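Enquirer: Have a look at this one before I ask anything.
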């Protein structure tokens with residue numbers, strides 16, 4: 001039985017094979033650096049080439065998507081699907097439409113998805129997919145034609161018991177509808193082949209809210225562990241999409257004052273905080289008008305900071321909900337200097353490794369994305385369960401299940417992240433070890449394949 005000699009040897013081996021994939025290597029380094037002490041104490045997990053198998057996707061494929069724009073011109077985009085690990089259930093993970101999409105980013109997201117899905121305790125493997133197509137500025141007809149062209153190839157590789165995609169950045173309700181509709185036409189099946197669907201064709205209540213709500217439920221549990229709560233806390237949120245919107249909504253309901261939101265162009269600062277009226281306006285600008293946060297700032301006469309991120313604002317709690325690596329070391333240092341108490345990730349790996357290390361060293365409570373933002377995929381799992389039973393659960397039922405799952409994730413993080421001599425729970429270690437153990441045990445039980 002082969003056994004990995006050391007962490008450095010393992011990371012070097014991965015880098016030699018995938019050295020051109022920095023985002024993926026960052027994710028691998030983050031996970032295995034945090035769980036290595038556990039692996040040294042439990043050598044069975046370093047045998048049977050388990051670690052080498054875990055960092056290699058079961059399959060990954062790239063394909064061309066040719067479609068026609070409104071001017072009759074043929075456009076060509078590149079699309080991918082990374083089916084990373086199915087040890088505990090069908091592949092599950094979103095589809096992202098953004099010009100930055102490449103294999104490295106999707107491998108990093110798919111790798112993270114393995115552990116995130118395992119943490120939910122639901123039977124879902126890890127996957128991720130997407131395209132460098134940018135839906136911004138495209139007509140509905142163009143988006144539909146692109147989605148149908150993409151699904152004409154992807155449908156061969158997905159299915160209710162094989163791989164169930166969902167939305168992600170650039171893939172909202174409109175795109176999911178077009179993708180799921182064409183998948184149904186091609187496969188002649190109405191099973192749950194996509195999650196995040198509209199309520200009129202198999203979707204689940206609370207699914208749009210799930211990631212943002214789940215983030216707040218997890219952060220609330222982190223605070224409760226310290227005898228604290230959101231009441232009266234000043235909160236900074238980055239992003240202004242689905243996750244950010246519903247995180248703001250839930251934080252307001254718990255008595256917090258949320259003072260920022262952002263997009264790729266800059267951020268808005270409101271010292272008085274969001275109100276129900278202001279949040280409704282943000283929903284309208286982003287979801288209906290597909291506008292920018294600058295439009296929101298102008299509507300309410302708020303400060304807008306072009307080209308900047310909201311981490312310079314003095315707050316108690318910071319919730320990065322935009323994109324990967326948006327919170328860098330300098331941002332973390334500024335947050336620490338300003339007295340931040342808690343950082344929880346609503347986006348996938350939005351905090352760099354260096355920033356994470358600085359926050360942990362300063363005893364800031366830190367909730368990693370694979371735990372803190374697992375509410376979205378957890379509710380996708382609940383959508384799959386409802387579809388298989390041909391049932392609709394009420395919003396209260398789904399929300400209660402989501403809340404329970406997030407509390408269970410927190411409990412598992414506490415179980416594996418309580419380290420002798422450390423005052424705070426190390427949620428990075430806890431989340432990574434808890435997710436790893438579930439997947440690793442399943443892989444060992446199923447033999448080498």
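Keep in mind that glycine also has a Cβ here, set from the backbone N, Cα and C atoms.
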Enquirer: 92, 113, 116, 167 bind substrate in Swiss-Prot, but which of 380, 387, 388 does that record place at the same site?
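Expert: When Swiss-Prot describes the substrate site, the candidate it includes is 380.
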Enquirer: If you skip the near sequence neighbours and keep only those at least six away, which residues in the chain come within under 8 angstroms of residue 92 (substrate binding site), Cβ to Cβ?
Expert: 113, 117, 124, 125, 126, 127, 163, 164, 166, 377, 380, 381
Enquirer: Give me the Cα-Cα distance between residue 211 (NADP(+) binding site) and residue 168 (site 'Important for catalysis'), rounded to a whole Å.
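Expert: With the alpha carbons as reference points, the distance is 11 Å.
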Enquirer: Tell me the Cα distance separating residue 128 (active site, proton donor) from residue 167 (substrate binding site), rounded to the nearest angstrom.
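Expert: Spelling it out, the Cα of residue 167 (substrate binding site) and the Cα of residue 128 (active site, proton donor) are 10 Å apart.
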Enquirer: Give the helix, strand or coil assignment DSSP yields for residue 128 (active site, proton donor).
Expert: strand
Enquirer: From the Cα of residue 168 (site 'Important for catalysis') across to the Cα of residue 242 (NADP(+) binding site), what is the distance in angstrom?
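Expert: Between the Cα atoms of residue 242 (NADP(+) binding site) and residue 168 (site 'Important for catalysis'), the distance comes to 9 Å.
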